[in-house]
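Listed in TrEMBL for this protein:
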DOMAIN    1-215  domain 'Cytochrome oxidase subunit I profile'
TRANSMEM  6-25  transmembrane segment
TRANSMEM  37-57  transmembrane segment
TRANSMEM  77-96  transmembrane segment
TRANSMEM  108-128  transmembrane segment
TRANSMEM  148-173  transmembrane segment
Amino acid sequence: AVFFSSVTMIIGVPTGIKVFSWLYMLLNSRVSLWDPVLWWVLSFIVLFTMGGVTGIILSACVLDNILHDTWFVVAHFHYVMSLGSYISVLLFFVWWWPLITGVSLNKYLLQCHCIVSNVGFNLCFFPMHYFGMCGLPRRVCIYETGYAWINMICGVGSFISAFSGCFFVFILWESLIMRNVVLGCYGNSSVLCNLCILPLPYHSQFFTLGYSVSY
């Protein structure tokens with residue numbers, strides 16, 4: 001227990017400092033409040049911070065002895081690792097899809113997808129903290145009848161999360177069918193991506209005044 005508590009504390013302290021640096025970066029940016037990228041970045045910070053708070057709880061040896069190998073640890077790992085990785089993949093598509101394909105994603109559908117995903121995430125994983133505090137081991141094949149309603153909430157959340165994944169695939173498909181072509185990229189000219197033509201050519205020479213394109 002001392003080992004796991006020490007490792008959790010070593011990871012948690014610098015990670016908490018990173019959260020403040022991320023918030024400072026957002027406060028000094030000029031991103032639109034309705035930009036789906038900003039919504040997903042804020043979702044990541046909120047979910048990651050919730051996982052960090054549970055990590056602080058697990059860094060106490062006394063509590064770690066009680067909560068170790070329970071569903072509390074499962075919820076903690078999903079909040080700090082699984083959801084962060086999933087959101088990173090989504091941000092990759094939202095950010096680079098217009099640049100690679102030349103078509104834009106529907107902003108309103110992306111906002112709906114962000115809301116649905118966060119509802120599904122929290123319905124699925126947040127009740128697991130209660131499982132752990134009740135002492136339920138994470139390797140069980142049956143639940144006590146008293147936990148049935150919480151298990152049902154987690155099940156509904158998992159279905160909503162799965163639906164949100166299918167919904168995002170639909171958003172990508174819709175952009176290819178509707179062909180909302182990106183007319184230009186307006187931003188800081190010092191950013192290399194803003195000097196590119198959309199979609200990107202197969203072969204291009206970015207560091208010259210002109211473009212050398214070969215098809």
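Glycine is no exception: its Cβ is also placed from the backbone N, Cα and C atoms.
Automatic, uncurated: that is what TrEMBL annotation is.
Counting Cβ pairs under 8 Å to the transmembrane segment (6-25), the stretch among 37-57, 77-96, 108-128, 148-173 with the most such contacts is 37-57. Panel annotation: around the transmembrane segment (108-128), residues 34, 36, 39-40, 43, 47, 71-72, 74-75, 78-79, 83, 90, 94, 150, 153-154, 156-164, 167-168, 171, 174 of the same chain, lying at least six beyond its termini, place a Cβ under 8 Å from a Cβ of the stretch.
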